[in-house]
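*Asks:* Have a look at this one before I ask anything.
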Amino acid sequence: MIDTRTIPITYATLAFLSLLIVFVIGIQITSYIINILLLSLVLTMLIYPCVRWMKQKGIPDLAAVAIITGGAVLIIIGLVLLILASLGQLIADIPFFQAELQERLADIFTLFDRLGIERTSVTHPTINLQSTAMIISQSMLGLSEALLYIFFIAITTFFALLEAPKIPARIRKIYGSAENKSLSQFARMSRFMVDFVVVRTETNIVHGVLFGAFLYVMGVHSAILWGIMTIILGYIPYIGLIIAALPAIFFAWLQFGIWGAVAVIVAVILLNIVVENPVYAHLASKRFEMPALVVIISLIFWSWTLGVVGLVFAVPFTLLIMIVLQSNDETRWINTLVGVDQIFEEIAEGQTGEIQEPG
């Protein structure tokens, strides 16, 4: 006999899973718009403290937002142009690097001969860097689309910064009191989210500048480009810095041989020890740690739904969802189930807060 009491639960579960699938597909279809909104949100978190500082100096709201947004856009455009210039120079030097590559491969096969490795079991590979250059050139053709993307992000960020100071008052108006426990906790966790983004960005900048400076002094081609890549890819946990270091190691090997590659590898290890471990641990105070499985799943999910933007900002996006889940008693169990509830314990305990301006 079928227990009818289990039918509503089954239907509810199926309905939830169906809605979840529709939601994920919807995110994937509208990824262009969602990327703009999420990037604008992250950018707003990063630069709103600067807007508040300018307002405290007596600068009107509109002028402060316009100055900071304009400055941020100019910095982003400058980075884009710097990347394009570096890529253009890299493409122009491809024939030289192709010759260097053939020499390095010849050295490797000479070493194989000395070690007595049969040449019949290892063939001489033909690696054509020109095909890679063609892919890079085709990517550079999307410059107009990238500039349009930046324009939409700038406009969205501009109006988000104008609206940010008004949001706390609107929440108080809706719920009637800022002393509401859930709202106060949500405000504190939102501040925690801002702290995370700022800390990660500061750490990436320090890491990227030091790595780029080392490569520049060493004489590695496109050192500035690899430094910028380190800043951007540093948001990707575990593999981001490794991916950013691989091109630098490759070109160091082409230019200076095996010991050049070893020098870059040692520099990467030392920078991880000096920057990623003490500096990031000091700034984050171990409050930003998430289980490795959660991080990997978030990387897979966000990169699948939102592409490169989702891959780079997977952790901030996941943290944002966790904040929403933690602020509701009915969904808090999800954070406990995946083992991330401890992230918010230090925030929730022993603190009394009000809903206030972000940043």
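Note that Cβ sites are derived from N, Cα and C of the backbone, with glycine treated the same way.
According to TrEMBL:
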TRANSMEM  7-26  transmembrane segment
TRANSMEM  32-51  transmembrane segment
TRANSMEM  63-87  transmembrane segment
TRANSMEM  146-164  transmembrane segment
TRANSMEM  197-218  transmembrane segment
TRANSMEM  224-249  transmembrane segment
TRANSMEM  256-275  transmembrane segment
TRANSMEM  295-325  transmembrane segment
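Locate each feature and note its surroundings.
*Replies:* Proximity of distant same-chain residues to the transmembrane segment (7-26), defined by a Cβ-Cβ separation under 8 Å and at least 6 residues beyond the stretch ends, is recorded for 305.
Here the transmembrane segment (32-51) has Cβ contacts under 8 Å with residues 64-65, 68-69, 72, 149, 152-153, 156-157, 160-161, 164, 193-194, 197-198, 201, 306-307, 309-310, 313, 316-317, 320, 357-359 of the same chain, all six or more residues outside its ends.
Packing against the transmembrane segment (146-164) from elsewhere in the chain are residues 36-37, 39-41, 43-44, 47-48, 51, 61-62, 65-66, 68-69, 72-73, 76-77, 80, 357-359: each is 6 or more residues past its ends and has a CB under 8 Å from a CB in it.
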*Asks:* Of the stretches 197-218, 224-249, 256-275, 295-325, which racks up the most C-beta pairs under 8 Å with the transmembrane segment (63-87)?
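*Replies:* Going through each listed stretch, the top one turns out to be 224-249.
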*Asks:* Find the member of 197-218, 256-275, 295-325 that has more C-beta pairs under 8 Å to the transmembrane segment (224-249) than any other listed stretch.
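*Replies:* Per the Cβ count, the answer is 197-218.
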